[in-house]
């Protein structure tokens, strides 16, 4: 606006400078941040005939209050004694007014007055002050939420903002809208009278469902700043949601899929509620009364009679679950077992019986070597002696294996057979073949004169048999005696040996003896065959003679007496003989 004598004299408004006309088209607004410096320029140019300039502010429903003066003639600045602006004002040479430490009370209309000799120019400026609120936070959060219950979840608070803001609630990033009886919100705004700043609070009552377990709740404050609308989010909060148990589950805690006798069994019962039940009733097979326990029930060193159906239920027995447990077992009995001493030639039946929860695999081992058939002895021999193991396993059950051992000892009195052999008319080898168990001790004695070429030599003791030999060169006939003795008996056998100068037949060894036996059997067979052939020929001859003595129908009854008939018969048979 223009004021002064020129305007009054002409009766029309004085000309307004271009820079002022632009400002008068609309109020000039300065946006300031709380606590910063407010800078308000007076104009874009200073009149050449300017005398002085003043700044004032216009309170609502009150007279303007001048706060700053600058004389263009005297080049001095003066600030009015206004308490709220004391020490905060600064007026520059171009009449720009600066206010330090912006406050909410600074949000008002300021006017710059430029006075010349002829006119007074006024330029209004509106100051807007903004204060960003603190980051919102959820306070007084609920310890937990419950399904089917509307409960205070918490309060979202944003402090010290200007102008006042609004609060929005979110669940899993989605805006929560009010729902009657399920989502209830209440907004409250409080102004600090000393600062003029707003504290905004929104409370949220929420009725969760089971699906809201682990849901993230958050809030945000929306406010206006110098550059427009802005938003600050809070940190998310997760609430524990309580809901009742709807299902009970029983499990067997084991590192293996199968159980065997001697194992420990741990049963665990659980409910799908939150919080889960802490106590349950456990029922063992055949028992109607439950055993009250925590969520686990332990059985140690179980036996096969622990097989059956196990149950667990809530304390009020409103719901239950069951599982079946199979305790696998494997029994093995070996008859006989341990150390068994038998005599050679005796019979020894052996049986290995299995009783198991499933089909078991059985195999035999003799002296650390697996054998294909089960041992059974109708006539024990020395080679049958040894350590026998009957072993069985359940392949489907880890660690279920049984074995029992039979240590078979076959004893026998010493038996001796002697053989001799002449070596190139210089020496004779005498061998004493010995059988028996425990191993017999062998001694040689000799009668007559002779010399032993070397000491006694023994072969290895295998399957109850070994041999001892000496080599001699007798100058005369001698008798050698082989003595074999063990704990059961003492056996003595002698052999006459001719002088080395006298030839004699060697005693056959085992191989030759078998050949001789075979030849003897052949001769006996031939003799028996010849005897049978002679017997058959005699029978035929007897039948023929008998038929010849029968009278013919054509023989005359007057053949003479009996003596003559006999002679005639003898004459008739002579040529046949």
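Positions of Cβ are set from backbone N, Cα and C atoms, glycine also.
The compositional bias 'Basic and acidic residues' annotation in TrEMBL covers 563-577.
When DSSP labels each residue, the domain 'Ig-like' (124-238) comes out as 3 helix, 70 strand, 42 coil, counted as helix, strand and coil in that order. Residues annotated as domain 'Ig-like' in TrEMBL: 124-238 (among others).
Taken from TrEMBL, the feature domain 'Ig-like' applies to 244-324 (among others).
In the predicted model, the domain 'Ig-like' (345-407) has a mean pLDDT of 92. TrEMBL lists 345-407 (among others) with the feature domain 'Ig-like'.
Here TrEMBL flags 414-493 (among others) as domain 'Ig-like'.
For 552-577, the entry in TrEMBL reads region 'Disordered'.
Look at TrEMBL and you will find 1-35 tagged as signal peptide.
The annotation transmembrane segment is assigned in TrEMBL to 522-544.
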Best-contacting stretch, by C-beta pairs under 8 Å, relative to the domain 'Ig-like' (244-324) and drawn from 124-238, 345-407, 414-493: 345-407
Secondary structure tally of the domain 'Ig-like' (244-324) (DSSP, helix then strand then coil): 3 helix, 38 strand, 40 coil
